[in-house]
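Beneath this line is the structure, given in structure tokens, with notes to follow.
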């Protein structure tokens, strides 16, 4: 019974990683040259039954970094005017310092040792986040340097579709296309989708594992196995 209770704790569900759902809106596809314009971050929580759900969300409009490229097609697509003073934009450094503070606090509260980015087409978001952190010369990032959970891939497996709007529809999650390409809206829908997939897998009997495994034990290498 205690093993099942442990499996229903967030710090045991993903190998000690704290899942943080992120979406960014940008002024292009190149994380090195194109501006990061908006970011939203949704943290998750798990109840005593092991059900994952949304918790706190952070949202920031971002000032383009000095010398940033602004692709007109990208701005037309997401509808962002970087020069609009009503955006209330802050610097990349200000946004990420606050994100780091809140994520580390939430991560520590549930006993996780590191955070992992969850995103739809995660390589894109992870790339822009990592490059912004590098530009700001920020140390002790809570995020894993390369591992992610990609809801596009997970949706393809679990729901047979990789497009966010379609995957949400299949999962029974309301999705308003007129609200899409807002970092805040897309992050919360992505978070709902990730929770749906994780909870569905549990409901189908995929978690906890049927066989007792020590998930923290060292991985046996091929050479070690051959000597046994």
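Each position is counted from 1, following the chain as shown.
Yeah, the Cβs are placed from backbone N, Cα and C, and that goes for glycine too.
TrEMBL does not curate its annotations; it predicts them automatically.
What you are looking at is a predicted structure, and each value in this text was computed from that prediction instead of being measured.
Taken from TrEMBL as is:
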ACT_SITE  181  active site, proton donor/acceptor
BINDING   23  Mg(2+) 1 binding site
BINDING   23, 25, 181, 186  Mg(2+) 2 binding site
DOMAIN    18-203  domain 'Exonuclease'
SITE      29  site 'Important for substrate binding and specificity'
SITE      77  site 'Important for substrate binding and specificity'
SITE      124  site 'Important for substrate binding and specificity'
SITE      146  site 'Important for substrate binding and specificity'
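The number of other Cβ atoms within 10 Å of the Cβ belonging to the residue listed as 'active site, proton donor/acceptor', over all protein chains shown, comes to 15. The two recorded residues, residue 25 (Mg(2+) 2 binding site) and residue 181 (active site, proton donor/acceptor), show a Cα separation of 7 Å.
When the Cα of residue 23 (Mg(2+) 1 binding site) is compared against those of the recorded positions 29, 77, 181, 186, the shortest separation belongs to 186. Here the recorded sites are 29, 77, 124, 146, and the one ringed by the most other CB atoms within 10 angstroms is 124. Using the Cβ center of 23, 25, 181, 186 for Mg(2+) 2, the list of other same-chain residues with Cβ within 8 Å runs, in sequence order, 24, 38, 40, 78, 180, 182, 183, 184, 185, 187. Candidate recorded positions: 29, 181, 186. Nearest to residue 124 (site 'Important for substrate binding and specificity') by Cα distance: 29. Taking Cα separation as the measure, the residue listed as 'active site, proton donor/acceptor' is nearest to 77 of the recorded sites 29, 77, 146. Counting only the Cα atoms, the space from residue 146 (site 'Important for substrate binding and specificity') to residue 29 (site 'Important for substrate binding and specificity') is about 18 angstrom. According to its DSSP assignment, residue 124 (site 'Important for substrate binding and specificity') is helical. Under the DSSP three-state reduction, residue 29 (site 'Important for substrate binding and specificity') is assigned to coil, being neither helix nor strand.
Cα to Cα, residue 29 (site 'Important for substrate binding and specificity') and residue 186 (Mg(2+) 2 binding site) are separated by 17 Å.
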